[in-house]
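Per TrEMBL, the features are as follows:
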- H96: active site, electrophile (ACT_SITE)
- E166: active site, proton acceptor (ACT_SITE)
- N12, W13, K14, G172, S211, G232, G233: substrate binding site (BINDING)
Amino acid sequence: MTAERRPLIAGNWKMNGLRAAKSELRTVAAGLAGLSAETMICPPFTLIGAFAADVAGTQLMIGGQDCHPAESGAHTGDISAEMLRDAGAVAVILGHSERRIDHQEGDAIVKAKVKAAWRAGLLPVVCVGETLVERDAGEAAAVVTRQVRQSVPDGATAANLVVAYEPIWAIGTGRTPTTDDVAEVHGAIRHILGERFGAEANGIRILYGGSVKPDNAAALLATADVDGALVGGASLKAADFLAIARAVG
Ligand SMILES: O=C[C@H](O)COP(=O)(O)O
């Protein structure tokens with residue numbers, strides 16, 4: 001991490017959480033005072049409005065987990081970026097591998113969603129990552145480079161983009177790449193961002209995601225070009241999420 005990139009610790013609750021989970025959220029918000037990192041929880045759509053109202057005035061931000069490219073219209077079951085913003089979200093995760101797999105989302109649709117996020121004034125967190133087969137074939141850096149090239153539209157800046165590197169084989173498995181491997185891929189992402197966006201790339205935050213836990217967070221967060229974490233399972237427990245946020249040096 002560098003002084004020009006404030007660390008971001010984001011929790012992705014995925015399809016978890018009922019209204020009673022508000023007590024967990026309040027524990028997180030109450031435990032953040034004095035921490036240097038920015039922090040965010042991305043609950044399911046159903047909880048965004050209530051959570052945003054609950055954490056107003058605290059350091060904790062609320063984000064969405066996906067949005068439709070269009071502002072409104074005949075898209076049953078979908079949510080627009082404007083709706084997320086209206087509910088109190090300030091950011092949105094886009095292109096998560098679970099969306100890419102469950103809903104066959106490719107780079108072109110992710111790119112359209114990033115434009116929608118910008119249109120609505122949301123900060124997109126664009127996820128990229130390789131499969132185990134691609135990792136074993138030595139293609140990890142090439143795969144994420146291609147995904148960043150094709151998923152991120154022209155016009156990205158340090159203020160309007162976050163990238164999250166999430167090796168698919170590390171998500172929810174308890175396995176993580178070595179810190180050398182993480183540094184290599186984050187370096188490749190920084191490189192393609194630099195090719196496309198020049199000096200802005202030095203300020204764009206690149207998060208690591210995939211089995212981040214309290215006991216491995218410090219090492220991962222101290223790795224070159226790692227500017228924070230996108231946390232899944234461990235973000236569901238306030239104590240674990242706070243421990244990860246405190247691991248930021
Ligand atoms: O968005 C979060 C990631 O998919 C990581 O999930 P995990 O921490 O449960 O491995």
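Including glycine, each Cβ sits where the backbone N, Cα and C put it.
Candidate binding-site residues: N12, S211. Fewest other C-beta atoms within 10 angstroms, S211. Cβ atoms within 8 Å of the centroid of the Cβ atoms of N12, W13, K14, G172, S211, G232, G233 (the substrate site) belong to the same-chain residues I171, V231, A234, S235, L236, site residues excluded. Distance between Cα atoms for W13 (substrate binding site) and the residue listed as 'active site, electrophile': 12 Å, as a whole number. In the three-state DSSP assignment, the secondary structure recorded for G233 (substrate binding site) is helix. Under 6 Å, Cβ to nearest atom of ligand 1: this is the test, and of the binding-site residues N12, W13, G172, S211, G232, G233 it is passed by N12, G172, S211, G232, G233.
If you take the Cα of N12 (substrate binding site) and the Cα of E166 (active site, proton acceptor), they are about 12 angstrom apart, rounded to a whole number. For G172 (substrate binding site) paired with E166 (active site, proton acceptor), the C-alpha to C-alpha distance reads 11 Å. The Cβ of H96 (active site, electrophile) lies under 8 Å from the Cβ of N12, Q65, D66, C127, E166, each of these being in the same chain and 6 or more residues away along the sequence.
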